[in-house]
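What TrEMBL records for 5-264 is domain 'G-protein coupled receptors family 1 profile'. Positions annotated as transmembrane segment by TrEMBL: 29-53, 68-91, 111-132, 163-189, 216-239, 245-265.
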C-alpha cells in the first residue's frame, strides 16, 4: 500500500510537471516526501523479506549495514520533509505582519530546494556512523515460536556521540514540525469561527479550503508524533527487542510511509482529483468488461 500510494504521488506530480513545466512549492515538497517514503517502504519490505525468508543473509555484515544506512537516513529525511511541508503551510496560511515572518514567507519558495537537499545530506551523514554502532548478540531472555533464541541488534558506540547526534537532529525536526502545526491549527480554527459568522459563497469555499488544510496538518502532526515517538523508543532501547511492545512500535514505524501517502493525497486538491479520475476510469473499465 505504501509503495502504491507514494508511487501514485510521484507519478501524478511528475506528469503535471512534464505537462506544464512548472510545479508549485507544496507539490514539490510532497514529491520529495513521496520519493523518500517510496524508497523507505521498499527498504523496510526488503529488510522484512530477508529477515523472514533468508535469515542467514540478513545477518551478513555488508547487507546489514546497507539496510541500516538506508533505513535511518530515509526515516530522518521523511521527518524533515514533513517538517518543511508543515512550515510551508504555516507561512502560506497564517496572517502575520512581523517583518521576519513576511521576509521568510517571500523567500521560502526559493529556499525549498536547498533545504530539501540539505535535509537529505544531513540525514545521510548522521546515519552513516550508526551502521557501525550496532552489533549482533544472541538473546537469552526471549525465544521464538520454534523455541530458538533469536539474535537482535543492540546499540554500541565507542564515543556515544554519533548515536545521540541522530536523536538530537530528529528531535529538532519534530520540534519545528509540531510548533508550526500547533500554531497553524489554532490560527485556522480561530479564523474559521470568524468566517462562519459572516458566511457567503466565496467565504464558504475559503472555509472548506481552510478546513482541509487544518485536517491535513492535524493528521500529519499526529502521525509524525507517533512515528517520532516509536522511532525514539526503538533506537533508545526503551522497549526490549523480541517483545509484543517492540513489534507494535516497529509496525508503527513501518506503516508511516503508507499513512503519510494517504494524508498527502487527501490534503492535495490536484492529487485528490487525479485519484478520483483514476478510480472513475477503473470503474468504467470494469463495467465495460462485464
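One-based numbering along the chain as shown.
Using the three backbone atoms N, Cα and C, a Cβ is placed for every residue, glycine included.
Bear in mind that TrEMBL entries carry predicted annotations, made automatically and left uncurated.
Per-residue confidence over the domain 'G-protein coupled receptors family 1 profile' (5-264) averages out at a pLDDT of 80. Listed by sequence, the residues of this chain that lie at least six past the ends of the transmembrane segment (216-239) yet keep a Cβ under 8 A from its Cβ atoms are 75, 79, 82, 85-86, 89, 154-155, 163, 166-167, 170-171, 174, 177-178, 181-182, 184-185, 188, 245-246, 249-250, 252-253, 256, 259-260, 263-264, 266-267.
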